[in-house]
Amino acid sequence: MKIATLAVVSAFAATAIAGPIRPDGVVNDKFLIELGPGETQWVTKQQKHEMRAHINSIYKAGQGFVDITDEFGTDFTTAEVVPANYPKSALHAAVVNPMIAGLSKENLMRDLNTLVKFNNRYYESPTGVESATWVFNEVQKIIQASGVKGAKVEKFTNKFKQFSVIATIPGASKNTVIVGAHQDSINLKDPMKGRAPGADDNGSGSVVVLEAFRNVLKSKAIQAANATNTLEFHWYAGEEGGLLGSNNIFKKYKADGRKVKAMLNQDLTGFTKKGNPEQFGLITDNTNAELNEFCKTIVEKYATIKIIEAKCGYACSDHASAHRNGFPSSFIAETNFRNTNPYLHTADDVIANLDFNHMLEHAKVVVGFMGELAMTPNL
């Protein structure tokens, strides 16, 4: 998760440029980042990390970024939003409720305990590759146990070491519904070797998506191949470096003409601040308003806690990759960000700080989102 303040961005204002034009003397240790539509600048990797370090300060809607170095010299343009027709109410409780009944807090605990044992899940470290491999193997086991025909898992490779994981459940149409979470973590003091359990950021979102996937595959409707739309479950590499993995995926989907009708992001799903009401935070900036309304419907139908609107700034997480490539996206987080987890990006982002009941509520929302849209005709 990335929430940097405007003050940090202004510290690098002297190097800002109007567009992606490589200045004289810029070499391979500089990276082109996008701070907003059409607003770019060249920074070092250390500067990228420094921009992120302020996530632990009191939250205010700040300036995230997308690393678009690989887009330099291309004709990238923001695509028109893929049109979609979302239901005004939840219509498939008969499909979704059995999925919810199968959700297991014990599974969430077990899977998260595995993820936090990696020294870190940094996208350029050996253990970052090992953690991605664990996710891939676990998804493969779940598919094999389900017996669902056509379900598959793939590695989406990048120019950096860590790969993303994509699981697909085919539907009758090519219209695609996606839920995603980044599985990388970072210790900002020592990204490559530092301890970064990343329990909340974003082991919590990763295991929520994994548990949702497990129970969607157990659905009788899914096993009978009755889904109207294709479902994908994503675990992204390199979010902490500037949405690297997710942006690579959605750029390819745009180039391939994919019909992604909805994308739900799960980043930070486990922290609740004592003394504050338990709630979801629905991010309203750089997301799709119509899909956000559908998300409210899902929360009201299938979860037991309230949802409030919040903002997180440009490119704060992977939903922004879908959004900038023309795909409708939403982001439901653990809080409104004023009460965000104070331990993010440190060695202290550990399981002891998390609430698995809250994570279970996120899992209910994910299976509600995926189950309802799986069965929606003319999406």
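From the backbone N, Cα and C atoms, a Cβ is placed for every residue, glycine too.
Just so it is clear, the model here is predicted, and its values are computed rather than measured.
In the three-state DSSP classification, ASP267 (Zn(2+) 1 binding site) falls within coil. Counting every protein chain shown, the number of other Cβ atoms lying within 10 Å of the Cβ of ASP267 (Zn(2+) 1 binding site) is 27. Taken from Swiss-Prot, the feature Zn(2+) 1 binding site applies to HIS182, ASP201, ASP267, supported by similarity to another entry.
Annotated Zn(2+) 2 binding site per Swiss-Prot: ASP201, GLU240, HIS345, in sequence order.
Positions annotated as disulfide bond by Swiss-Prot, on the basis of similarity to another entry: CYS312-CYS316. A simple way to gauge crowding: the CB of CYS312 (disulfide bond) has 29 other CB atoms within 10 angstroms, across all the protein chains here.
In the three-state DSSP reading, ASN202 (N-linked glycosylation site) counts as helix. Within 10 Å of the C-beta of ASN202 (N-linked glycosylation site) we count 33 further C-beta atoms, all protein chains included. Positions annotated as N-linked glycosylation site by Swiss-Prot, on the basis of sequence analysis: ASN202 (among others).
The feature N-linked glycosylation site is assigned by Swiss-Prot to ASN226 (among others). Counting only residues at least six positions away in the same chain, the Cβ atoms of MET375 sit under 8 Å from the Cβ of ASN226 (N-linked glycosylation site).
For 1-18, the entry in Swiss-Prot reads signal peptide, with the evidence type sequence analysis.
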By a three-class reduction of DSSP, HIS182 (Zn(2+) 1 binding site) is assigned strand
Comparing the binding-site residues HIS182, HIS345, which residue's C-beta has the most other C-beta atoms within 10 angstroms in this structure? HIS182
In whole Å, note down how far the CA of ASP267 (Zn(2+) 1 binding site) lies from the CA of CYS312 (disulfide bond). 12
Taking all protein chains shown into account, the Cβ-based neighbour count within 10 Å for GLU240 (Zn(2+) 2 binding site) is 29
